[in-house]
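Listed features, source Swiss-Prot:
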{"type": "BINDING", "residues": "209, 210, 211, 212, 213, 214", "note": "NAD(+) binding site"}
{"type": "ACT_SITE", "residues": "232", "note": "active site"}
{"type": "ACT_SITE", "residues": "266", "note": "active site"}
């Protein structure tokens with residue numbers, strides 16, 4: 001990316017997809033002020049009309065499903081089958097968000113003796129949405145849909161890795177009839193993001209992405225408590241496997257947890273916690289055998305791959321550097337992550353045992369899973385909680401009593417039992433605790449931060465009865 005141009009590249013081939021002009025501070029200023037002007041009319045647009053536009057957006061997405069998925073696959077490198085599921089999720093978000101708005105941010109009234117108590121919700125104003133590259137349309141859309149339904153105007157900056165998906169998002173909303181400047185797309189990297197976050201016309205920032213960027217946004221808004229801030233910052237998810245009879249099924253769940261989307265989901269398992277001894281050894285043997293059979297390749301190849309490349313060569317280098325650090329710490333490589341094809345960000349999955357190595361609490365955003373052993377379940381729980389993050393956690397076990405202990409003890413916002421750690425429902429809260437962020441972004445509870453509650457006492461006419469005395 002130059003100071004004025006941004007080239008989107010295919011992570012698998014390295015080929016250029018599109019070339020974009022980068023928004024500078026002046027154009028971002030214009031976008032924010034245009035959004036502020038558009039907000040006034042959009043907020044007064046009847047809710048039924050705002051919902052009708054959102055429903056047309058969902059219809060447009062369904063009608064252009066293949067086109068959308070193809071662009072997602074090209075720009076992220078994820079397999080076409082997975083890109084299709086993302087396109088479907090973009091459309092499905094509308095109905096979910098409408099229901100969430102009714103249930104969590106609708107209007108309520110309660111009769112009183114001489115008035116009516118009313119609860120309603122108002123939009124904040126102009127919200128910035130800053131999206132990630134791993135689900136460039138689905139996760140950003142999880143902020144955009146509830147924000148627009150609530151009556152906000154939105155300035156959306158997609159990841160600099162996936163600008164074409166961001167531009168397509170704007171095109172789809174325009175095709176649905178969204179008025180001009182209610183949703184504005186700005187393109188750029190860190191400088192554009194900083195100019196957007198610090199803009200005086202904003203009423204809040206909704207961010208999904210890395211920890212460092214999220215903390216920088218938090219600091220930038222530290223003296224602006226009037227601005228809403230929703231952060232989803234990733235995780236270092238533990239997956240505990242304990243007292244399970246079907247080892248092969250457990251291995252499949254581990255692979256789904258750690259390596260889907262080339263390990264580039266914030267809910268991916270980063271730490272596999274196994275029992276010491278023969279049971280743990282058997283699990284690792286089944287896991288490595290399954291890893292050796294995984295199909296890895298380009299997004300459009302046949303047969304379809306399980307996983308494609310990471311987002312770019314820099315991301316691949318970061319994964320390999322983390323693997324080198326783990327090995328230097330005394331880790332025992334069971335399968336080494338390695339670049340599979342020249343000029344590509346395609347990595348094979350890595351697995352490294354670190355039971356006797358120091359704990360490093362970091363999110364490795366790629367297909368690299370570390371293994372640690374525990375003497376008993378209490379020790380496994382302690383290892384699971386040995387992180388400042390708290391997004392997702394999982395237990396694979398036949399013992400429901402162990403799961404109840406896990407559920408009440410593990411510190412995470414998403415806790416799964418005998419399902420991949422990456423499994424989540426858009427109809428349920430999504431988000432974590434600790435270093436994983438605040439609020440519950442991109443899902444059902446996004447309605448909570450898209451509008452603020454307003455309480456009032458209402459009477460159709462003045463009440464003239466005067467008190468005969470005053471309270472002492």
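Glycine too: its Cβ is placed from the backbone N, Cα and C atoms.
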Surrounding CB atoms that lie within 10 Å of the CB of residue 211 (NAD(+) binding site), all protein chains: 19
Residues within 8 Å of the 209, 210, 211, 212, 213, 214 Cβ centre (excluding the NAD(+) site residues themselves): 207, 215, 216, 233, 234
Spatial neighbours, same chain, of residue 210 (NAD(+) binding site) - Cβ under 8 Å, 6+ residues apart: 233, 234, 365
Cα within 10 Å of residue 266 (active site) - qualifying recorded positions among 209, 211, 212, 232: 209, 232
Neighbour count (Cβ, 10 Å) for residue 232 (active site): 28
